[in-house]
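This report refers to the structure that appears directly beneath it.
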Amino acid sequence: MKTGHVSNPVVLYWHRTDLRLHDSPALHAALALKPLVFIPVWTWDPHYVYKARVGPNRWKFLLECQSQLSDAYENLNSKQKLWVKDTDAYAQDRDTAVIAMAEKAGVQVIIRMGRTLFDPDELIQKNNGKPTMSITQVEKAAVKINNGNPDKPIDPPSSIPDPWDEERMDLSSLEHDSIDNQPDLNAEHRTQKDEQYSNIMGPKNDFAVPWDDIGIDLSQAATPHRGGEAEALRVLGECIKNEEYIAQFEKPQTSPAAFEPQSTTLLSPHLHFGSLSVRKFWWDVHAVMENQRKAKKPVASVPTNLSGQLLFRDMYFCAQASLGHRFARTHGNEIVRFIDWHLQSSPPDKNGSVDGSYEVDSQEAEEWFQRWKEGRTGFPWIDALMRQLRQEGWIHHLGRHSVACFLTRGGCYVSWERGAEVFEELLIDHETACNIGNWQWLSCTAFYAMFYRCYSPISFGKKWDPEGNLIRRYCPELAKFDKKHIYEPWKAPIADQKKWGCRVTGDGTSSSRSGDTDNTYPKPMFNFDERRRICLDAMKHAFSFSLHGDDAKVKDGSWKKEFRASESSRPTKRQKT
DNA sequence: GACGCGTTGGTCCC
DNA sequence: GGGACCAACGCGTC
């Protein structure tokens, strides 16, 4: 197409982490340039397109648009480009490449940060160039930025020019070819289903959200959670109305077993997809806390309160921004403690690339991992949570703690890297920084070290849900078990198992059932008390080496010899039960 | 170097 | 339901 008559076209590259009209610094800056042509382009990432196609109904705002960037610069003749900054490791690579491409084409790149409370790179700088490893460090660094206050959210624009508005633009004089000509940025991804963004879809819907191509049929949705800016603002508004809930919110006091309604705000997916601004969330909460404080009512403090939860998110983003790709793996990662987990990721090759494979050093651990992943460990609390995760894409934070501890240091002794991969695929609120960071936390490889605090798959659930309602919901085969046996169904007498219509047998695979009509629930895959002792002992042993992911002994594999030599000399605590 | 504390443990006992 | 104890890491502060 030719753009000879267009004096100031602006291309706004808008990706999934900034998909809102309110508090969108990049959109705001784009409009301030007063473009004659305003071209929002949904960028796409193979990573997220992959997620969109494999999950149990992915989130509404997974957008895909083919943006052939170098061609676009040449053809659109744009001299100004806006970019929404993203510090995820793969996004750092992408942004570096795109910015270089733009500069080569003589295009001015304007970058705005909109994803976190504070710019992760600025947090690193204020934290003496280091990744933030504790909430105290985040708070101190934030005070140096703006006395601890993030930027105020920006109001949504009152109007947005239509992209390629033919009437307003008089495109007849533009002598442009049809926008369908090459490079066609959106050809395969056009639909009119998204009403929320109808004002920026363009008169011919050339810039619409590509629902059909994403492969999402909302009528078939397994998850009860819904996306979109309107929904995000509605939910936030509802939460904010309950001032006591907001002001007294303490994460450790919210139940991981609650569903319909859940005990937390459910706003995390909106933060991930950019349909809610984290700064609006923070300032709205802040206002409520101030009100309550003035009214002399109790107000929870950082880090357990809501603001604290958002600060943890910034902590992980900062740590990730600092380490790049190293953050998400053990090898070469200086912040993670090295532990001799089963099923560790294969080390990078000579070029530093990883192929995503892992070493199956133990068939037993591999089977435990598969059973955990599929929700058939034989521990109903764990299985209910894993099935809720698979069906709905969301579980409560403490539920995540429970299943993560069970897979790693408190049960299977499987590498946190395996668990993080499963969460990445299944969570609708997955953010690499938070997911990886929390797995490191729970497995006691970074951020946290008190490995002797171990979650029991029986006691912890019982504390929150003595009736076992979460289990009855997500493991319906156990629905008729009495509360005495619901967390340990294998202890129920056979007569009762028959009476309650479910036998505890096999490993949860269909082949393990004796007949098609049998209703069964698997036997526990190991003795938990025994495994807890073995894991605790192994953690103590691993900690005694003080190895980290970037240690030479980790790189060359010589840790194995040392661990084994020391292993043979230490007393075993294995105990028969 | 000592000491207290750390977003969210479990168990036992009162 | 509340407190002591379990077994005991790393960080921040004094």
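Placed from the backbone N, Cα and C atoms, the Cβ positions cover glycine too.
In TrEMBL this protein carries:
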type: BINDING; residues: A:T264, A:T265, A:L266, A:L267, A:S268; note: FAD binding site
type: COMPBIAS; residues: A:558-567; note: compositional bias 'Basic and acidic residues'
type: DOMAIN; residues: A:9-151; note: domain 'Photolyase/cryptochrome alpha/beta'
type: REGION; residues: A:145-166; note: region 'Disordered'
type: REGION; residues: A:558-577; note: region 'Disordered'
Inset, instruction - Enumerate the residues of the same chain, A:T264, A:T265, A:L266, A:L267, A:S268 excluded, that satisfy the criterion Cβ within 8 A of the mean position of the Cβ atoms of the recorded FAD site; list them in sequence order. - result: A:V235, A:Q262, A:P269, A:H270
Inset, instruction - Please give the average pLDDT for the domain 'Photolyase/cryptochrome alpha/beta' (A:9-151) in this predicted model. - result: 68
Inset, instruction - Would you mind checking how many other C-beta atoms are within 10 angstroms of the C-beta on A:L266 (FAD binding site)? - result: 19
Legend entry - Number of Cβ atoms other than its own within 10 Å, given for A:L267 (FAD binding site): 20
Inset, instruction - With DSSP as the yardstick, break the compositional bias 'Basic and acidic residues' (A:558-567) down into helix, strand and coil residue counts. - result: 9 helix, 0 strand, 1 coil
